[in-house]
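Chemist: Please find one structure pasted underneath; my questions will follow.
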Amino acid sequence: MTIRFVTSNAGKVREAREYLDDDVEQINYDYTEVQSDDLGEIAVTGAKEAFAETGGDDPVVVDDAGLFVDALGGFPGPYSSYVEDTVGVERVWNLVEREENRRAHFRCVVAYYDGETAETFDGAVPGRIVAPRGEGGFGYDPIFEHEGETMAEMSTERKNAISHRGRALAKFADWLTEN
Ligand code: ITT
Ligand code: NA
């Protein structure tokens, strides 16, 4: 089976390819991101729209993720993409730099839709915000540290083993095998 991963983010596709046995094809379709605090709702709505608008029979997957910083009341959360594009990750570190509590977590929801069945799979990973380190990964990876390493310092395999997306992909892969 081919899974059509609807995203503009090649980093997500790289991680999914390393995780899933199925073929993963990137589809650059810009689905509507509904305004919601619920990553699952955003992803399912996007998956249904992408399936309807792009044609084709292969199932689609949409992945909605975000960084939630405790000391900032969960910011940037659902606005993570906008914040990365406008202020950038270095300045998110600057916002947290003087805080005593630098805890944060990443969340990810993978939504699957095949024209009939819609399913979501989620994952989260705790960590802390640090000064940028590392060249790998993408997005907020350089400022997100988990067990002593930033996600940008990890191999894709290591990131998948512990990350929000890896956990969501693991549930998704189990579900695919059972269905
Ligand atoms: P698509 O919506 O096209 O899939 P996107 O990069 O905008 O691509 P999201 O809205 O899910 O994807 O991502 C929200 C932000 O969080 C965005 O700035 C990403 O770079 C970042 N992000 C998502 N997953 C991440 C990860 O595993 N590590 C670091 N940053 C991540
Ligand atoms: Na998104």
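Using the three backbone atoms N, Cα and C, a Cβ is placed for every residue, glycine included.
Curation plays no part in TrEMBL annotations; they are all automatic predictions.
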Chemist: Out of Ala65, Ala71, which does TrEMBL tie to the same substrate site as Thr7, Ser8, Asn9, Ala10, Gly11, Lys12, Phe138, Gly139, Tyr140, Asp141, Lys159, His164, Arg165?
Modeler: Ala65
Chemist: Compare the C-alpha of Asp64 (Mg(2+) binding site) with the C-alpha of each of the binding-site residues Thr7, Gly11, Gly139, Asp141, and give the closest one.
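Modeler: Nearest listed residue in space: Thr7.
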Chemist: Within a 10 Å radius around the Cβ, which one of these binding-site residues has the most neighbouring Cβ atoms: Gly11, Gly139?
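Modeler: Answer returned by the neighbour count: Gly139.
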Chemist: Determine the minimum-neighbour residue: among Glu33, Asp64, Asp141, listed as binding-site residues, which Cβ has the fewest other Cβ atoms within 10 angstroms?
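Modeler: Among the binding-site residues Glu33, Asp64, Asp141, the sparsest Cβ neighbourhood within 10 Å belongs to Glu33.
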Chemist: Give the residue from the binding-site residues Thr7, Asn9 that has the most other Cβ atoms within 10 Å of its Cβ, counting over every protein chain displayed.
Modeler: Thr7
